[in-house]
Amino acid sequence: MTHRCLLQMVLLLCFSTTALSRSYSLLRFQQRRSLALCQKLLRQLPSTPQHCLEARMDFQMPEEMKQAQQFQKEDAILVIYEMLQQIFNILTRDFSSTGWSETIIEDLLEELYEQMNHLEPIQKEIMQKQNSTMGDTTVLHLRKYYFNLVQYLKSKEYNRCAWTVVRVQILRNFSFLTRLTGYLRE
């Protein structure tokens, strides 16, 4: 009797997880709410000192990101997940020179982590089903973009101005993410 109840509970959990992972409307709602909170948290960090304007670099976001409407929802999931993961990784680096609030950064990291957890079951499912997609190509271009951001931070020894430049890039990324999230329709 106990084994049968346990089996039913396991099956129910598996089914509900799959059903939730397929609910793109719910996912879109969660992502939009979370992205808005991330942007709000980033904007709470101290703004750009005037002398940092000289440190600006033109980091080119991959071209395909500028035409987000061309993404299928599966590709959008792969790209969103990659961007969140890369932003998370950048924000775990040494930002001590910035004067940024550790609490705000921790809240931001927690929010990013939650978003990735919502996306991960769908992302894994897509990765298992598809061999090559537009999302895969875009992910490779994104990795190069984020690699360049990290290299920039390293070359500037994680100074305040470098972080200010990267913060602006991350804010732009959240605009792209918000647009991509709009394509997560049923």
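Glycine is treated like the rest: Cβ placed from N, Cα and C.
Swiss-Prot has this to say about the protein:
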DISULFID  CYS52-CYS161  disulfide bond
CARBOHYD  ASN131  N-linked glycosylation site
CARBOHYD  ASN173  N-linked glycosylation site
SIGNAL    1-21  signal peptide
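Within its own chain, CYS52 (disulfide bond) has ARG160, CYS161, THR164, VAL165 as residues 6 or more apart in sequence whose C-beta sits under 8 angstroms from its own. The Cβ of CYS161 (disulfide bond) has 18 neighbouring Cβ atoms from other residues within 10 Å, across all protein chains displayed. The Cβ neighbour count for ASN173 (N-linked glycosylation site), using a 10 Å radius over every protein chain in view, is 25.
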